[in-house]
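The block underneath contains the structure these notes are about, expressed in structure tokens.
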């Protein structure tokens with residue numbers, strides 16, 4: 001049986017491959033572009049704000065894109081190079097927002113040609129998306145370089161160096177965004193003992209039991225406040241209203257129950273620990289210094 005920490009990790013990134021963590025984060029700092037691209041933060045925020053205004057779901061998508069890149073591709077914008085990664089089953093129709101990152105990168109290149117990496121653009125965009133959805137802000141450490149190849153290093157979960165508390169907090173990103181019917185069909189039809197009956201009935205109306213019918217129909221991960229970054233996700237878990245099986249596992253009589261309960265009762269504790277987890281996640285083995293490159297186009301190496 002999988003450990004609770006492994007289950008939490010699966011909930012956060014929805015991926016089976018785990019990456020080795022190096023020690024390259026020491027060269028990152030919040031003032032990395034203060035002289036070479038002083039208008040960076042404003043430039044990125046302007047594009048993200050417009051994208052989220054057009055579609056609130058995009059904020060959740062950009063945040064999720066950062067998760068995918070950090071956990072699977074060690075914070076080096078590897079996900080933009082790998083067509084296979086974008087189309088892998090966990091990411092298909094889930095990892096989205098590439099066009100928005102392209103727009104941000106284009107604006108950044110006009111302001112500071114050949115200076116800012118796609119990996120750093122993605123990190124700042126994830127922070128800005130969180131803020132625009134009502135979540136906390138933090139100073140993003142910068143100075144990452146972009147990968148030139150599609151090489152991946154595979155290792156065990158404990159190499160990530162994140163605690164169960166970090167991962168429960170990061171799971172709280174599911175307070176925004178939506179899931180496809182295929183992601184929760186089994187739960188709403190088969191898990192009656194761990195799912196609120198009224199939620200099951202509501203979701204069944206838009207997600208038929210037969211595979212292949214309505215597979216791409218969407219439902220909010222947090223029906224209470226689907227476009228607001230708050231702690232209601234954790235209250236949902238306590239009330240057996242977690243839409244995804246992997247989410248509800250965080251509150252199912254295991255070691256993470258107390259963490260979920262504490263976040264459900266304290267918005268401040270959740271926001272503080274989420275910020276801490278995001279900073280740690282951004283430190284996962286980035287390329288820095290002379291490693292990698294600064295891509296002009298996030299979709300291909302120079």
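Cβ atoms are placed via backbone N, Cα and C, with glycine included.
Values in this document were obtained by computation on a predicted structure and should not be read as measured data.
What TrEMBL says about this one:
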- 68: active site, proton acceptor (ACT_SITE)
- 69, 72, 85: Ca(2+) 1 binding site (BINDING)
- 174: heme b binding site (BINDING)
- 200-216: compositional bias 'Polar residues' (COMPBIAS)
- 37-112: disulfide bond (DISULFID)
- 118-298: disulfide bond (DISULFID)
- 181-207: disulfide bond (DISULFID)
- 27-302: domain 'Plant heme peroxidase family profile' (DOMAIN)
- 200-222: region 'Disordered' (REGION)
- 1-26: signal peptide (SIGNAL)
- 64: site 'Transition state stabilizer' (SITE)
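Within its own chain, the compositional bias 'Polar residues' (200-216) has Cβ neighbours under 8 Å at 93, 180-182, 184-185, 188-189, 192, 223, 243, counting only residues six or more beyond its boundaries. For residue 68 (active site, proton acceptor), other Cβ atoms within 10 Å of its Cβ number 22. Counting other Cβ atoms within 10 Å of each Cβ, the disulfide-bonded residues 112, 118, 207, 298 show the lowest value at 112. Reported as a whole number, the C-alpha separation between residue 174 (heme b binding site) and residue 64 (site 'Transition state stabilizer') equals 9 Å.
Straight-line distance linking the Cα atoms of residue 64 (site 'Transition state stabilizer') and residue 118 (disulfide bond), rounded to a whole number, equals 15 Å. Taking DSSP states H, G and I as helix and E and B as strand, the region 'Disordered' (200-222) has 5 helix, 3 strand, 15 coil. Over all protein chains present, the Cβ of residue 69 (Ca(2+) 1 binding site) has 28 other Cβ atoms lying within 10 Å. Every protein chain considered, the tally of other Cβ atoms within 10 Å of the Cβ of residue 64 (site 'Transition state stabilizer') stands at 24. Around residue 174 (heme b binding site), taking its Cβ as the centre, 26 other Cβ atoms fall within 10 Å, counting all chains. Counting in whole angstrom, residue 298 (disulfide bond) lies 13 from residue 69 (Ca(2+) 1 binding site) by their C-alpha atoms.
Each residue contributes its Cα atom, and for residue 118 (disulfide bond) and the residue listed as 'active site, proton acceptor' those atoms are 14 Å apart.
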